[in-house]
Amino acid sequence: MKSPASASWKAPLKFRMPTAENLIPIRLDIEVDGQRYKDAFTWNPYDPDSEVVMFAKRTVKDLKLAPGFLPQIVQSIQSQLATFRSYEGQDMYVGDKIIPIKLDLQVNHTVIRDQFLWDLNNFDSDPEEFARTLCKDLGIEDPEVGPAVAFAIREQLYEIAIQNVTSARENRISKKGRRAAEHFTPSKASGAALDLMKLFSFRSSVVRKRKEWDYYKPVLDLLSNEEVDALEAKEERSGR
Amino acid sequence: MAEKSPVKEAASSESIPISNSNQLKPSPQLPSKFSSQTAPNSEVPSTPTSRPPSADADVVYVPSYSRWFSWDKIDSCESRFLPEFFDGRSASKGPSLYIYYRNSIIKLFRENPSRKITFTDVRKTLVGDVGSIRRVFDFLDHWGLINYSASSALSKPSKDTGSNIKSSDSPSVESPSSAAPTSKHSSNSRRICGACKSLCTIACFVCDKYDSTLCARCYVRGNFRVGLSNADFRRVEITDEAKADWSEKETLLLLEAIMHYGDDWKKVAQHVGGRTDKDCVAHFVKLPFGEEYLGHPLSNDDESGFETNKRMCLTPLADASNPIMAQAAFLSALAGVEIAEAAAQAAVSVLSQVDDITASRVGSGSLERNSKQETEISSNGDTNQNALERAAYADANSLLDKEEQDIERAITGITEVQMKEIQDKFLRFEEMDLQTEKERQQLESMKNLLFIDQLNLSFRRNYT
């Protein structure tokens, strides 16, 4: 794979998650015999393959699912892993990209909505660490929120990374060549990628304007049981 | 959420209450597997009758091979078994992350210690990739730091009738007879593959660097940790005997058979039943004799040492004979030599008033083991009652003396052998010492030569 960007000032990198740990988000949503199993967690793609089967077995055993779940879980995880691996060898362009990451989750009784900026170039970033700190700072007692937050962040980062790879491929195909690096910032819409220049120019300060404060503040709600049930029912209806 | 309940260790018969703030020093002990509690009434942590009444419901049991555990510190065995956190490959996956995982898992378990915590519960609440969480969870599970509720660790009370005491009792399936401790011992417990958690059958591969065991399948597939290569593993054969531990009954039968048949291993194997003669020989050789039962031959416990030996000898034999003699032999073994003598005397004198042959045989038979002598005495009993008394008494005495002498001889033999061992060791050490001394001198001379060369060089350089 020739990389025409060797002349550009942004060297392409091999595809990977832009985080310190190259972990991928895995989402499972399987229905067998009327039992529905939804789950989301992070996975280390460098674990041996036997790990997948073992994990599936333990999950089925721990959650007392029907044994028909086992092959489906294994298959789902493996296909997501395969997708990841297919992207792995390819190049991806990362410019100076700071993206907003949005959280909008409901985990058991906790609803959390938040938005913050994330530097894609920072390959030492750690969504897990962020999630842990967030939960600690907000005083969230439900321990399941942390992993959900980390997963959401990772999922969004993964999406963007994939888009980077596909856009790089497209650009190469359409022979835009070395101009690909500069071109794709505004055209890739994963929420507007903010221009570094505009944000941190010498005229504006780093401190956020007051009117944007509410926009970037985390909102935490604790629901009562009825509200949880209502939400679930609404979701099921919309799903159907 | 600091844990305030004291953690009690289940040592053999005492419990060591440990509070979480002051920890034991994390010494990397060899994890010998002690059976958890011999007191049978302390199964449930909340109603122990023999434990101190304070904080009953908060008592958590930790097996003694996990004594190194401490909330704030990382023990060397942890870094050995979970190297991914400690080899510095990734900045975020460090020891602090490991501590976070470990402590949260253990806290979660201790919130409800009577309930087994599952991996899925844990990984739903921990932030991180499920692979490493699973490894930490398995590690803690194996070492009994979680899911070690008392009900799962059955203890076989060690029989003190002198039957063989093997340190690897086979507890119930759920207790952690794990690959981790057993891969250190070359004992006969099961080997479980570290990667796929299946039982190792024919052969397994052991890596000494990280002390992990892999079954043949995982080894071939390359399912080991990153950082290891094929060369790090060595092959370990597992024979069929390793799969089936010797039960106490079988060892009893074995000893009995050996007493009877001596070196005829075919007959011994027949007597034991279910084991080939090679198995019997191998197992017999492995039995911990001598030291276990004799203790210190120079101590005051000579008699008890002898008696346990005798018990060992008597009881298996007693099983083989008729039940009355078995009873008498057993009782006499329990009671002791002099008491048995006195009792026999009294019995004989009482019985001599009754003109009964079988009764007298019992009275004298309780003191001897040789069937030939038995018939002798019974024939004597036919003739004269008084002569019978005296003969029985004399025979018993002589037999006792002979036995004592035998035992003494055996002990001296053993001590001689041990002294010879020590002497040999001394000799070897002296040799080693000499060798190292020689090497040192060689190195010294080499050093001198080098120095001379250096000097020469510098002289030459100065002249040119």
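Placed from the backbone N, Cα and C atoms, the Cβ positions cover glycine too.
A TrEMBL annotation is a machine prediction, not a hand-curated record.
Owing to the predicted nature of the structure, the values given are computational and were not obtained by experimental measurement.
Listed in TrEMBL:
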COMPBIAS  B:12-49  compositional bias 'Polar residues'
COMPBIAS  B:154-166  compositional bias 'Polar residues'
COMPBIAS  B:167-183  compositional bias 'Low complexity'
COMPBIAS  B:376-386  compositional bias 'Polar residues'
DOMAIN    B:60-157  domain 'SWIRM'
DOMAIN    B:238-288  domain 'Myb-like'
DOMAIN    B:241-292  domain 'SANT'
DOMAIN    B:243-280  domain 'HTH myb-type'
REGION    B:1-56  region 'Disordered'
REGION    B:154-189  region 'Disordered'
REGION    B:363-386  region 'Disordered'
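Computed over the domain 'SANT' (B:241-292), the whole-number mean pLDDT of the model equals 77. Break the domain 'SWIRM' (B:60-157) down by DSSP state and the numbers are 51 helix, 5 strand, 42 coil. With DSSP states grouped into helix (H, G, I), strand (E, B) and coil, the domain 'SANT' (B:241-292) comes out at 37 helix, 0 strand, 15 coil.
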